[in-house]
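Below is one structure; the comments refer to it alone.
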Amino acid sequence: MQMKIENGHVLDPGNMDGIRDIWIHDGRIAAVTEPGECRDRADEIFDATGLVVTPGLIDMHVHLREPGQEYKETIETGCRAAVRGGFTAVCCMPNTRPVNDHAGVTAWIIAQAKKAGLARVYPVAAISRGLEGSQLNEYADLKSAGAIALSDDGMPVNSGQMMRRAMEYAKAFDLFLISHCEDLSLVAGGVMNEGETATRLGLGGIPNISEYLMVQREIGLAEWTGSRIHIAHVSTRESVQAIREAKARGVQVTAETAPHYFSLTDEAVGRYNTAAKMNPPLRSEADRRAIIDGLADGTLDCIATDHAPHASMEKNVPFDEAPNGIIGLETSLGLSLKLVHDGFLSLKDLIRVMSKNPARILGFTNDLTPGALADLTLMDTAAFWEVDPSAFASLSRNTPFGGWQLHGQAVATIVEGRVVFRK
Amino acid sequence: MHFTQKDILDMASLSAEEITHILDTAQGMKEISLRPVKKVPTLRGKTLILFFHEASTRTKTSFDIAGKRLSADVIALAKSGSSMAKGESLLDTVKTLEAMHPDVVVMRHGTSGAAQYIAGHLKSPVINAGDGKHAHPTQALLDMMTIRERKGRLAGLKVAIIGDIAHSRVARSNMEGLIRMGAEVRVAGPPTMIPKGVEEVYGVKVFSAVEGALEGADVVMMLRIQKERMENILFASEREYARTFGLSTGRLALAHPDALVLHPGPMNRGVEITDEVADGHHSVILDQVENGVALRMALFYLLAGGMRHADED
């Protein structure tokens with residue numbers, strides 16, 4: 001079975017940038033040729049004229065909710081949302097029920113994802129037993145079962161000692177930690193960014209320093225132990241600066257941010273809009289600009305969505321009571337392309353932060369070169385479309401971007417040579 | 001003027017003209033409470049539901065009496081004993097209430113934005129009787145009524161609000177309302193109790209020392225220290241609070257000689273206010289309580305379509 005993707009603008013930062021034909025054979029890239037140069041027969045021809053063809057997008061931070069909360073999302077619906085958003089792979093966080101703190105759960109997630117046959121799913125296992133922050137998990141077992149990294153995500157590891165030992169222990173198995181940075185004592189019941197909007201609404205504020213202090217601790221511990229640390233969903237200007245300085249002195253730190261942190265500010269909470277409630281919270285305009293600067297200068301390595309599905313009945317409550325999180329897989333590329341259209345990032349840099357860098361952090365290459373697995377995203381960067389949550393493949397609808405006009409979207413997603421989504 | 005607001009949720013959504021109209025209407029209602037028979041038939045046949053999700057004695061009683069003086073049927077619900085205690089969601093409870101066709105729902109809830117939330121789901125008018133740390137518009141309106149009654153105006157007055165601004169819905173609503181009416185508002189309290197951006201959000205002036213805020217003030221509004229909420233990290237001790245931020249006779253002397261002293265109650269005597277000040281001749285604390293009933297009668301009248309019965313008595 002040979003497939004030819006012809007006449008696309010192939011953009012693989014560091015490798016290629018031009019109009020090419022891509023030949024795919026048995027799930028791998030067989031050749032990349034000048035248009036019309038190779039006259040081999042193809043069983044299937046995909047006309048990519050006018051489209052940008054890139055290595056598959058990877059979202060390092062999603063919640064698939066299965067096992068345990070299948071009414072919000074299942075591995076299958078989450079993967080369907082992923083491929084519609086142009087993602088060929090996602091990393092799923094361990095706060096499922098049961099928690100992914102055991103090889104059996106990890107293996108089960110991978111099996112379910114295989115069954116769905118859409119995006120690749122790389123499970124992130126828990127740092128600590130039951131996400132309780134007190135006992136290390138069996139990292140060797142988790143790694144053999146397929147865990148790609150470790151995180152207690154929404155339950156930040158409070159004890160510095162526990163975090164130190166987890167970093168040291170993970171090194172033995174060549175695993176790295178992803179940290180949700182939050183000093184809970186400074187959050188103190190806050191539900192949105194501490195600032196003028198919170199003051200006006202009478203809502204408890206979450207100060208920037210609750211994130212920044214923990215970022216500093218993780219950087220310090222990574223430096224001390226010689227370990228790698230990945231900072232999840234960076235939201236504040238102080239965190240960006242701390243990561244920038246740490247990278248400059250050679251600390252093994254990488255970081256991600258999410259589209260909502262460069263697209264919105266805490267003003268989106270408006271009049272108690274629970275669709276704008278997330279953790280970390282939407283911040284100020286100064287923070288939003290710092291996040292964009294951090295992406296532009298490489299301080300922030302990648303864009304991840306923190307796709308967090310919740311049922312509408314859970315979000316349709318007073319603000320204090322609503323769960324944190326928004327979905328993001330189907331809007332991520334459109335929102336991120338706005339950075340390109342607005343001149344903050346080149347398209348090449350965007351592909352770096354959405355595709356190449358996540359792969360590098362996860363420990364594999366994601367190239368469009370002969371012999372590589374054929375994971376590709378085909379995007380129409382010029383298409384205008386309106387976000388319609390009712391049309392999402394995700395089971396949940398909790399997004400603040402409904403009705404937004406976006407510029408650019410994925411039109412096809414190919415995983416191991418198979419078209420898993422085509423618009 | 002024709003009053004067109006469906007709900008009373010916060011002071012920000014009321015214009016100066018509407019506030020004046022409410023205060024004028026309340027002034028007219030006040031006389032009813034002074035009659036031997038304190039009841040008019042204005043809202044006969046109307047159903048008012050008081051849904052107090054948070055403990056309250058004075059506010060609830062004030063609304064209750066206000067409704068009854070207008071001859072409405074007043075139904076009081078509390079969280080304990082309601083289906084919400086059995087785990088029903090707020091939305092389902094509200095939909096159940098809606099099906100009983102109330103003419104006004106008065107709601108108190110511990111969550112900021114709760115009143116707005118239910119107003120979005122109810123056809124009947126909603127009066128916010130306090131939501132979390134957000135708003136307490138009827139308290140602000142009765143405070144403004146009390147000040148206007150004594151001072152004859154609101155515009156140009158210097159009002160000092162002292163205490164826990166950060167956790168106070170009374171402070172928020174008063175800041176919004178008083179600024180809207182042209183008063184100059186100063187706030188003071190320990191820095192742990194001053195919320196971020198309060199100057200920009202409300203246009204008030206922040207003083208770190210109480211004395212600065214009191215200087216020449218026409219009105220001093222003391223806020224209750226919620227001892228149970230403080231967890232010992234917002235101030236060190238009641239003793240120190242009283243000495244540094246409490247309103248004593250000596251400190252009150254910094255204000256205008258005819259200054260009014262207000263307190264939304266219940267008071268912590270000896271903490272935020274001394275006995276002498278609370279019971280002294282500057283104090284209008286009991287006037288606030290009295291005006292509270294008239295003010296709430298006015299709101300029921302304006303919201304429950306009492307207009308066509310207004311002249312029957």
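Counting starts with 1 at the first residue shown.
Yeah, the Cβs are placed from backbone N, Cα and C, and that goes for glycine too.
Unlike curated records, TrEMBL annotations are generated automatically.
Binding of Zn(2+) 2 is attributed by TrEMBL to A:HIS180, A:HIS233, and within the candidate set A:ASP153, A:ASP174 the record adds A:ASP153 to that site. Binding of Zn(2+) 1 is attributed by TrEMBL to A:HIS61, A:HIS63, A:ASP153, and the same site annotation extends, among A:ASP301, A:ASP306, A:ASP320, A:ASP342, to A:ASP306. The binding-site residues near A:HIS61 (Zn(2+) 1 binding site), taking a 10 angstroms Cα-Cα threshold over the set A:ASN95, A:HIS180, A:HIS233, A:ASN279, A:HIS310, are A:HIS233. If you check the binding-site residues A:HIS63, A:LEU64, A:ARG65, A:ASP153, A:ASP306, A:HIS310 against A:HIS180 (Zn(2+) 2 binding site), the ones with a Cα inside 10 Å of its Cα are A:ASP153. Of the chain residues outside the Zn(2+) 2 site list A:ASP153, A:HIS180, A:HIS233, A:HIS61, A:MET93, A:SER151, A:GLY154, A:PRO156, A:ILE178, A:SER179, A:CYS181, A:GLU182, A:ALA232, A:ASN279, A:ASP306 have their Cβ within 8 Å of the site's Cβ mean position. If you check the binding-site residues A:HIS63, A:ASP153, A:HIS233, A:ASP306 against A:ASN95 (substrate binding site), the ones with a Cα inside 10 Å of its Cα are A:HIS63, A:ASP153. Taking the Cβ of A:ASN95 (substrate binding site) as centre and 10 Å as the limit, one finds 22 other Cβ atoms among all the protein chains shown. Summarising the environment of A:ASN279 (substrate binding site), the number of other Cβ atoms within 10 Å of its Cβ, over all protein chains shown, is 20. A:ASP306 (Zn(2+) 1 binding site) and A:HIS233 (Zn(2+) 2 binding site) are 7 Å apart (CA-CA, integer value).
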